[in-house]
Every structure is written in structure tokens, then in C-alpha cells.
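First comes the structure, then the notes that go with it.
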Amino acid sequence: SAKPKKIPLCTTLHETASVAKQSYLHQITSLCKNGQLQQAVGLLTAMESDNFRSGSGIYGELIQGCVLKRALFTGQQIHARILKSGELIARNEFVETKLVIFYAKCDAPEVATRLFSRLGTQSVFSWAAIIGLFCRMGSNEEALLGFCEMQNNGVFPDNFVVPNALKACGALQLIGFGKGVHGYVVKMGFDGCVYVGSSLVDMYGKCDEVEDARKVFDGMLERNTIVWNSMIVGYVRNGLNEEAIQMFYDMRVEGVEQTRVTLSSFLSASANLGALEEGRQAHALAVLDGLELDNILGSSIINFYAKAGLLEDAELVFRSMFEKDVVTWNLLICGYVQNGEFQKALDTCQLMKSENMRFDSVTLTSILSVSADTINLKLGKEGHCHCIRNNLESDVAVASSTISMYAKCKRIGSAIRAFRSTTQRDLVLWNSLLAAYADLSLSGEALKLFYEMQLDGVTPNVISYNSMILAFLRTGQVDEAKDMFSQMQSLDVLPNLITWTTLISGLAQNGFGYDAILIFLQMLEAGIQPNIVTIVSALSACTTLALLQYGRTIHGYITRRGLCLSVPLATSLVDMYAKCGCIHQAKNVFDLVVSKELPIYNAMISGYASHGLAAEALSLFKHMEDVGIEPDNITFTCILSACNHAGLVSEGLELLNDMVSKHDVKPGMEHYGCVVSLLSKSGNLDKAYELLQTMPYDPDAHILVSLIAACKENHEIELGEYLSEHLLQLEPENSGHYVALSNVYANNGMWNVVTEVRNVMKEKGLYKNPGCSWTQIGQELNTFVAGDVSHPKSEEIYATLALLGKDMHFIGYAPMIY
């Protein structure tokens, strides 16, 4: 047999060492993948003690293990070993790239960028790490500059770099740049990558291009949960809450698993729509899927219940959460504030403080809102002091809330000081002080501030103009408000719904009802859909001027649009029809309302009263009591007015007595006035005067005038003179009171005294304002005063009135004097 060939000893040792080294590498790789970093480092130490030299591969695996665990300290120790091992390893391209990736993933920007700049070859992997780092740190401009620079250097972004570039575009809302990246994606064939596709959907959603997001979504062959979430989030962000809910249902039909992000977005859409059933379903799904109520999901559920006004449910969720961050606390506090539970909001703030949670700007904004709504200056000052102590007074939201709080508490000087003490004044802050001036009807100061903000380089927006229009209207400066409205349109500042509503409401309240109607029609022509407040304001203008034609037009608009007859809307319609003489149409609207509340009953009873239908008014009042609706002081004013018109003395006295004994409503001056007038007109002057003396108020001019009118009819000269003296002391410059006194003397043939009273009027320069009435025919408003012959058809009008007068006397109607 042949003799065995001898193998040199050096070759055997080399192969043995190589095998051992491979074994070390394999073991270290395995430990790093399993997250056992300390064991891997210990094995490296044992390897070096056995005189085995570590190579770039072993160091690369160790650094990769630190990347996976985000173990910054351990990674720094390995980096130190690399530097000690010499230039051969330290300057190795593979190791340097791994170190850049490691420091970037551990969010150490200074070290990562320094190492990156020293790289001999900047590969796509190192670029991906640096661009990703910039995005995470919020340096989105630098991320996009890096995206451009790597291409200039001949390195083409891959499907790991592109999502970060798209994320930066979305954060900066650079839709043009984003579309450019989208073109690159199509060119390079990355559009089939689900991660790139989800980033495109997210970018378009954040840039408010939700239709383009949907196109990308529909074009994707493969869709994971992230893509669905991005689409739902995009819909919610752009106010398309119904589409978001439909997308959620489609996602469930497709069998795609929902995450916390999915349910949080769905809850936001439900909260925005007030969709109680859908929101509760989302909560149920979270429970069924066993999802832990962490800060994201738990906060979303609390936000939903708080916005829906279901505070008890929000409290239950809050208590069931193990960990609560400041956002969770703030949501519950904001929920209390929005629902008027101010004491609970303050109690929760105290509890939050006892849990060693620091108040942030949102917490303090809520506290300042409570102070403003409750006009609690002491609490507001405490909140303001807390802001100053914690260096939060410069926060825009806090500063705005501070200004609003002081304004609501009628401390405009403090509001101005809070404004002046803020160095960085943006548009929001200027608008806050403008709104404060408007609320306090300080139109002059508001106008000065309006010009000052422009001199300071801040361009007013629609909110600024809204405050100016409101300020002018509150001080009766209608022409100035109209000029401001025209000015904003000439500067291409488009009026929003609040602008139109403010102008319509202000014009109606200042007696410019016809102008208010014209503005309402302009708003419809501009394509702006009015809300309930706008429609109610327009109906108020129709009611004031008895513009039945326009009132019917608005009612038709409500019907065509299918708008729900809410209580404010139905009440305004009933009031409008009643005051325009169409009591049957008012009753038809009243009957259409299924869930009737007190305001609509009051409007209908008032309508019956003004039409002299006392029996119907009393019947409706009794029905209201039977269904369990408690009357208020307005109800009693209306029903007593009905009794006054119909001369129902016993019913009126009984109602006045029932106010206190049965309904615990304290009678006011207007209630006593109705009963005094009722007693006076029925000839019970003694009882009327007795009630006048026993009521807990000093009589006003209205009550005295009604008694003086009764004195005239009953020839009670002495009482008439006595009451007139008091009346003239109350309002000495009112010409109508002198006329009422002269009528008492005239009715008793005391013409000399009548002349004396008229001479006193002349000496004081007082003249009686003539009575006025009007009627609208088409677009033309025809106005008449007593003895007026200025109308072109005066002869026909007076002839018709004479014929009507004869017919009335023939039928047996006598004129009624109130």
C-alpha cells in the first residue's frame, strides 16, 4: 500500500484557524440576530484573547446587531475597538458604511453626518440612512437636498430612499416636488413596490390632493394595511369623513387586518360626523381584537366620546388606560370644556397635577377657555401666571387664549399688554386682539389695529375682515361694514360663510332688513351654502319688515335643500309667517315639527296673540303643560298678551297668579304691564292702579302710557294728570308723552290746556313722529304716514280705504283702540 502523504504543519494550522474564525463569525452573527449583544461582545473578547484578529465581517455583524437593538452605548464601544484595531479596519468601506447606518438609526445626527462626509464612496445604503435620519429629525429640506445631491453624484435612489423623500414632500406639502418623485418612481419601475405605493398615497393625502392619492391606491396590485391606513388618514385630513368610513368598511370586506392607526382614524371620522353608531363599533372592534388601549387608540376613543358629548363613556375609557400621557389628559379636559362641564375640567387639572403631569400649552389653553366662559378673572390670572413661570406665554395658542380671556372678562387693557408682551406676533395673534375689540364693540381701536398689522407686514385674512365687519355692525356703522366687505372682495379675499352670516345678521339687527335679504341672495348666487344661523338671520329680516314674499322664498329653499326643521329654524318660520299675517301657514309649520320644544311653542302662542286668537293661544298653552313642557317668562308674556288683546280679565289674573304659585316663574315688568293694560282697557282702572302700586318694580313708560290712554277713555283727568307727571319725569324728551297728555284733555273738551301742552312741546322743540306703515309689491316697498298724499296712487288708495271703512261699519265692526 502507498504511504500517506505528509501535510505541512503550517498549512494544517492555517486551515484550523480559518475554521475557528468562521465558527466565531457564525456564533457572533447568530447572537446578534437574536439580540444577545453582550454575549456577542464577550465572544469577540474571547476570540481576541485566543489571538484571532477580528475582520470587517465580524465588526459589521456586531454593528448590525446594535442597529437592530438601537444599542447606542454598545455600538460606541464597538466603534472604539474598531478605531483601536487600526486604519485597515477603521477605513474599511463596508465598516464605515455600517457605522453611518448605525449612528443614523440611533438618531445621532452629528456623528452620522460627520462619518458620512468622510466616506470615500457614498453608497445608496449610506444615503438611505442619512436621508431617513433627516426625515426623523424633522429636517425635511435637508432630506430633499440629499435626495437631489445623491443623484447628482451618480447614485440612484432605490425603493428604500424614495419613501423617505416622499415623506419629506408630504411634511412640507411640496406637491410639485412630490409629483417629480412620483415620475422618478414610474421611470425606475418602483410603482409595483407596496412600500413606495403607500408612501405616494400618504404624500398626496398630506398635500391635500386626495383624488391623486386615490388614483395611486386604485392602481396598486398589492395593498397592505399601511396603504389602507394612509388612504383613510388622507380622507380624514381633507374633511372627507364619509369617504373615510366607507374606505374602512371596504377594508373589512377585503379581509385586511385593522391596526390601532386604522381604528384611530375611523374614530376621528366618526367624531367629526357625530356618527355615534360607527364610533361605538370601532370601540367594540378594539375590544374584540384585544388591542391594548395605549395612548394612541385610547386617546382616539376618548376624543370620539368627548366630541359626541358622551362624557361618562369617555371617563370609563380614561380610567381603564394604564398609561396616560399629557395628550390623553388634555383630551378629557377639552371634552369637559366643550360640553360646559367647567368644574369637572378644573378638577381633572388638579388630578393631573397630583399625578405629577406637567401642564403644556394645550392644558393651559383649556384652563384659560374655562376662565373666559365663566368670566372667572381670578382663575384666568392664575393660568396666565403659570404660563409666564413656565415660559409658555409666547406660545401662539396660549397668547391667543390669554387675550380672549381678558377680553371676555372686560379687561381689554390686560389683553393689550398680553399682546404687546409677545415678541413673535403672527396672524393668529393679531386676529385674537381684533376679535377682542369686536366683541367689546370697540370699532375705532379695531380699525387702528387693522392698519397697524399691515404696517407690521402682516396681511389680513378673511378672519381679520370678519372681525372688522362685526366691530362696525355692533356700533351701528353699517356703511363702514359694507365698505369693508367690498374692500376684502376687491383684494381677492373671498368671504366665507361666517362673513356672509355676520353681515346678514348685523344688517337685520341694525334695521337694514331689506339689505340683509339682498346680501343673502348674493350669497346664494356665490355658491355659498347657508347654515342655520344664516337662514334664521335672513328670516328675522323678513319678519321685521313683513317681507312675506322673501320669507316664502327662504322657506322654499329650506324645503328644496331637504334641510331638517330644527327648533331654531322652525321657530323662525312660525314667527315670520305669524308676523306677516299668515297664521294658518305658521300653524302648518308648527305641526310639521315632530319634537317640539319650548321656543316653538312660544312663537306659536305669540302668533295667536298678535292675531287676537286668545282661545287658540290658551288651548295651546294648556296642551304644552299637559305634555310636560315648563313655560318660561317669554311664554307668560305671550299668553298674557293674548288675554290683553281679547280682554280676558279673569284668565289674565289667574295666569299672573299661576306664574309664581304653580310654575315658580318670577313676574317681570312686561308681565305686570300686560295685566295693567288688560285691567285698564276693561274699565278696571282702580284695580290697574292698585296693581301698579303693589308690583315690586317702579312702573316704566310703557305701563304709564297704557294707563293714561285708559284715563282718556274713562274721563279720569286727575289720575291722567298725576300719571303724566311721572311719565314726563321718566322721559322728558319724548314727544309722544306730551301728545298722550293732550289727548286726555282733548277728550274732556279742555282745549285751553291742550294748547298749553302743545306750546310746551314747541318750546322744547319736540315734534310728534308720524305713524308709518308699509307694504311690498314685487321689489318695491311702499311707505305711508298719517295724512300722506305723496304716493302717486294716493287718490285710489284713499277711495279704497273709504269703501273699506263703510263696509266695516255696515257689518258692525267698530275700531279697537289699544
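Using the three backbone atoms N, Cα and C, a Cβ is placed for every residue, glycine included.
Outside the repeat 'PPR' (123-157), and at least 6 residues removed from its termini, the chain residues within Cβ reach (under 8 Å) are 97, 100-101, 104-105, 107, 109, 112-113, 116, 164-165, 167-169, 171-172, 174, 177, 181, 184, 188. If you look up TrEMBL, you'll see 123-157 (among others) marked as repeat 'PPR'.
Positions annotated as repeat 'PPR' by TrEMBL: 224-258 (among others). For the repeat 'PPR' (224-258), the DSSP counts in helix, strand and coil order read 26 helix, 0 strand, 9 coil.
Averaged across the repeat 'PPR' (325-359), pLDDT in this predicted model comes to 89. What TrEMBL records for 325-359 (among others) is repeat 'PPR'.
When DSSP labels each residue, the repeat 'PPR' (426-460) comes out as 26 helix, 0 strand, 9 coil, counted as helix, strand and coil in that order. Per TrEMBL, the feature repeat 'PPR' maps to 426-460 (among others).
Per TrEMBL, repeat 'PPR' is recorded for 461-495 (among others).
Residues annotated as repeat 'PPR' in TrEMBL: 496-530 (among others). Below 8 angstroms of C-beta separation, residues 462, 465-466, 469-470, 472-474, 476, 478, 481-482, 485, 488, 537-538, 540-542, 544-545, 547, 550, 554, 557, 561, 781 of the same chain, each at least six residues beyond the ends of the repeat 'PPR' (496-530), sit close to that stretch.
Annotation comment: TrEMBL describes 597-631 (among others) as repeat 'PPR'. With a threshold of 8 Å between CB atoms, the same-chain residues lying at least 6 positions outside the repeat 'PPR' (597-631) that come near it are 567-568, 570-571, 574-575, 577-579, 583, 586-587, 590, 638-639, 641-643, 645-646, 648, 651, 663, 665.
Sequence annotations record features per position, and here TrEMBL assigns repeat 'PPR' to 632-667 (among others).
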If you run through the repeat 'PPR' (123-157) with DSSP, how many residues end up as helix, strand and coil? 26 helix, 0 strand, 9 coil
Could you put numbers on the helix, strand and coil content of the repeat 'PPR' (461-495), residue by residue per DSSP? 26 helix, 0 strand, 9 coil
Could you give me the DSSP helix, strand and coil counts for the repeat 'PPR' (325-359)? 26 helix, 0 strand, 9 coil
